[in-house]
């Protein structure tokens with residue numbers, strides 16, 4: 001009986017070890033693997049220019065000022081590159097609500113139209129924060145995809161008055 005048990009254990013160990021050895025992925029080139037992210041676009045905040053990065057560690061911090069003169073200003077010059085994770089600290093120095101939204105130019109136009117149809121709708125999503133006067137909000141963003149990025153305030157009339165900032169990564 002003991003011999004049979006030892007034989008079963010030895011065979012199980014041999015088969016398990018051989019199977020585990022065949023599952024070695026250390027030599028796989030993961031960077032060359034095609035990955036279809038197109039289905040991820042349905043996730044809140046997903047964009048052609050990147051995605052929300054809650055919980056990620058930012059490698060850059062950008063202080064943003066939203067003002068009633070309809071400007072989006074970065075407090076300091078900053079170079080954002082593809083794959084950067086950026087923490088945006090967004091301050092509204094004005095007396096009216098403003099929005100800070102990240103996306104492509106096409107996405108911003110769609111967002112603007114949605115805001116126009118819904119009236120003065122305030123909301124926060126993975127790619128957008130609405131900031132009350134005198135308040136500050138943060139947005140953590142991972143840049144990837146299209147390298148032409150547009151920041152905008154899509155509250156009706158604001159972008160049309162100049163509250164848009166475009167950059168190229």
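Yeah, the Cβs are placed from backbone N, Cα and C, and that goes for glycine too.
So that you can see what the record holds, here are the features copied from Swiss-Prot:
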- 1-20: signal peptide (SIGNAL)
- 98, 153, 158, 163: Cu(2+) binding site (BINDING)
Inset, instruction - Measure from the Cβ of residue 158 (Cu(2+) binding site) and count the other Cβ atoms within 10 Å, all protein chains considered. - result: 22
Legend entry - Residue among the binding-site residues 153, 163 whose Cβ has the most other Cβ atoms within 10 Å: 153
Inset, instruction - Please state whether DSSP places residue 158 (Cu(2+) binding site) in a helix, a strand or coil. - result: coil
Legend entry - Where residue 163 (Cu(2+) binding site) falls in three-state DSSP terms: coil
Legend entry - DSSP three-state assignment for residue 98 (Cu(2+) binding site): strand
Inset, instruction - Specify the secondary structure state of residue 153 (Cu(2+) binding site) as given by DSSP, simplified to three classes. - result: coil
Legend entry - Chain-mates of 98, 153, 158, 163 with C-beta within 8 Å of site centroid, Cu(2+): 66, 70, 72, 99, 152, 154, 155, 159, 161
